[in-house]
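Student: Got these off TrEMBL a minute ago, pasting:
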| type | residues | note |
| --- | --- | --- |
| TRANSMEM | 6-24 | transmembrane segment |
| TRANSMEM | 31-51 | transmembrane segment |
| TRANSMEM | 57-79 | transmembrane segment |
| DOMAIN | 110-163 | domain 'NfeD-like C-terminal' |
| REGION | 165-200 | region 'Disordered' |
| COMPBIAS | 180-189 | compositional bias 'Acidic residues' |
Amino acid sequence: MDNGFLAIALLALSAALIIAEVFIPSAGMLAIGMLISLVASFYFAWTAWWATQPTLFFGFVGFAIVMLPVVTVGALSWLPKTRFGKRILLEAPDGPVEEAFAREEEQLRSLIGRRVKTITPLSPGGLISVDRERIHAYSQGVVIERGVTVEIVKVSGNRAVVREVLEDEQSAPAPSLENDSNDNDDDTNPLDLDLREAEN
C-alpha cells in the first residue's frame, strides 16, 4: 500500500479520535491513540515525500497542525447541533427527566468561576472534582494534565468547560467582598459627623 495513502488515512484517524475524545471521557486513552496515529502519519508522509517532494511533506505537516485544533473546536461547537451529534449525545427526554437535566445544568452554572482540580487528564474531555464529586468537563481544545487547578468558565449541556489557572493567577489573592464591605463601613461621611456634633 502506498505510504502517502497511509499518511492521509492515519491523519483522518487522528481527527476521528480527537472528535471521539470530546464526547467520550477516556482518561486520555483516545488522545494517546490520536498522538500515536499522528506520529505514524508523519512517518509515512516522510517516507513517501521527503526524498522526492519535501515541499509536499511540509505542506502535509502544516495542514495537520492547523486541521486538528480546527476539528476540535468544530466538534465542541458545531457537531452537538447536528442530527448526528444529537444522536451521539442523546437529547434529554421530556417530562421529569428533562427537569432533572435542567436542574443539573443550573447547578453546574452556579459553579462558574470556581477553581477546582482535575482528577483525570483533560484531552480535552475528562473529570474534575467539585466538593468531592466527580463532574464531566472538557478544556477549550488543549490538553490539561491530572491534578491541575482549573477554573470553570461556562457550561455546555451537562458538562463544564474549564481553563487552566496559571501559576501567577493562583498566587494572586481573590477579591474579598467582606473586606470591601468593611472598607465601606470605615468610610464615614464628614457631614454625618457634623450633624452628630450639632445634636450633642
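Heads up, the Cβ atoms here are built off N, Cα and C, so glycines get one too.
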Student: Mind checking which residues reach the transmembrane segment (57-79)? Cβ under 8 Å, same chain, six or more beyond either end.
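Tutor: Residues 7, 11, 14-15, 18-19, 22-23, 38, 41-42, 45-46, 48-50, 85, 88, 124, 138, 140-141, 156 contact the transmembrane segment (57-79) from elsewhere in the chain.
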Student: Is it possible to list how many residues within the domain 'NfeD-like C-terminal' (110-163) are helical, extended or coil according to DSSP?
Tutor: 0 helix, 32 strand, 22 coil
Student: Using a Cβ-Cβ cut-off of under 8 Å, list the residues of the same chain that are 6+ residues beyond the ends of the transmembrane segment (6-24) and lie near it.
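Tutor: Non-local partners: 30-31, 33-35, 37-38, 40-42, 44-45, 48, 60, 64, 67-68, 71-72, 75-76, 79, 88-89, 123-125, 138.
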